[in-house]
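*Asks:* One structure coming up, written as structure tokens, with questions to follow.
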Amino acid sequence: MHFESPIKRRQSRQIMVGNVPVGGGAPISVQSMTNTETCDVAATVAQIRAIQDAGADIVRVSVPSMDAAEAFKAIREQVSVPLVADIHFDYKIALKVAEYGVDCLRINPGNIGNKDRVRAVVDCARDKNIPIRIGVNAGSLEKDLQKKYGEPTPDALVESAFRQIEYFDELDFQEFKLSLKASDIFMTVEAYRKIASQIDNPLHLGITEAGGFRSGTVKSSIGLGLLLMDGIGDTLRVSLAADPVQEVKVGWDMLRSLKLRNRGINFIACPSCSRQNFDVVKTMNELEERLEDIKVSMDVAVIGCVVNGPGEAKEADLGLAGGSPNNLVYLDGKPNTKVKNETLVDDLERMIREKAAAKEKEESNLIAKS
Ligand code: SF4
């Protein structure tokens, strides 16, 4: 179960978003975005912390006005995670948040305005050592491109991106990453594939306005999954009409599924059937909820009976194979303890926590030695 991902990642140059490297072989970072009122500093700080606790490497905050820029200053002082400011229409807001310690500026070529404004933002970013995300979005393409293509297309997204890229080249500014988002999977995937072979700047992936929790997760998993399988993508945000904490969890699940990053428990569970010797679904749901705080990566198998139980349980760090009269827990591939249905979840939680603590100790010893 512990084999490496066969995905060969696209070579890209590296930028730093605060202390988080993006591109150049760095782990694919997970992002989310606050949906609180930015001027409500307390609520935004609380949400940023919740997003960070869920495992986000970078958090984006919308800064729609100068009042929000002032709020951003107060927010910046209270959180440690790298912050990206989302700027539309008014380039002066970008200059303001740069003063206030932003770690990356996201600008939208479709609405940031003329070259002088872009140059002002680039000069400021260069001066303060802040990278920029050029965020092209199918919903806000430049008017002339909308006219030229009639509707958003992959080529229209790429052309919009290249206008900024060429101008950034003229200004000799390479500290940027790029996103080309659409809510349509085919358009997004094609646009990213087209641009991936033409530039070496890091790419930020996302299917924009993907939908609600379930449909958006499916859409994002297919779209981003295709790109990630191609080795494309240096950072990602799963956009869901849901709690941003869920976006982070889904992002991690995607990366974990593709073995691109590890964090927390990778559960292997059978769907259950009438052969099950304990309630697999209930056990799985309870464990998932109780063990969300575990950060060390480990495989845990929860399998209802002896059909597939021993095989899967042996491959995991800790595995449960249903049996009668008792279920059997495997630890590090070997049968270890018998557990009764009545105390199953409590017993498993305790054993998983013990195993996680041992793994954490092992990992810190390894780091100390290296
Ligand atoms: S492992 Fe056993 S309980 Fe689970 S689905 Fe298969 S046969 Fe059913």
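Placement of Cβ uses the backbone N, Cα and C atoms for every residue, glycine included.
Those TrEMBL annotations? Automatic predictions, nothing curated.
Reproduced below are the annotations present in TrEMBL:
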type	residues	note
DOMAIN	12-252	domain 'IspG TIM-barrel'
DOMAIN	266-353	domain 'IspG C-terminal'
BINDING	Cys270, Cys273, Cys305, Glu312	[4Fe-4S] cluster binding site
*Asks:* Report the DSSP secondary-structure composition of the domain 'IspG C-terminal' (266-353) as helix, strand and coil residue counts.
*Replies:* 31 helix, 25 strand, 32 coil
*Asks:* When the Cβ positions of the binding-site residues Cys270, Cys273, Cys305, Glu312 are compared with the atoms of ligand 1, which fall under 6 Å?
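*Replies:* Among the binding-site residues listed, those whose Cβ sits under 6 Å from ligand 1 are Cys270, Cys273, Cys305.
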*Asks:* Over all shown protein chains, what is the count of other CB atoms within 10 A of the CB belonging to Cys273 ([4Fe-4S] cluster binding site)?
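*Replies:* For Cys273 ([4Fe-4S] cluster binding site), the 10 Å Cβ neighbour count is 10.
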*Asks:* Near Cys305 ([4Fe-4S] cluster binding site), which residues of its chain come within a Cβ-Cβ distance under 8 Å, counting only those 6 or more away in sequence?
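*Replies:* When sequence neighbours closer than 6 are ignored, Cys305 ([4Fe-4S] cluster binding site) has Arg275, Gln276, Asn277, Ala321, Gly322, Gly323 within Cβ distance under 8 Å.
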*Asks:* For the domain 'IspG TIM-barrel' (12-252), what is the mean per-residue pLDDT, to the nearest integer?
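*Replies:* Looking only at the domain 'IspG TIM-barrel' (12-252), pLDDT averages out to 95.
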*Asks:* Can you tell me how many other Cβ atoms are located within 10 Å of the Cβ belonging to Glu312 ([4Fe-4S] cluster binding site)?
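*Replies:* So the Cβ neighbour count for Glu312 ([4Fe-4S] cluster binding site) comes to 21.
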*Asks:* Given the recorded [4Fe-4S] cluster site (Cys270, Cys273, Cys305, Glu312), which additional residues of the same chain have their Cβ within 8 Å of the Cβ centre, ordered by sequence?
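*Replies:* Near the [4Fe-4S] cluster site, the remaining chain residues are Pro271, Ser272, Arg275, Gln276, Val280, Ile303, Gly304, Val307, Asn308, Gly309, Gly322.
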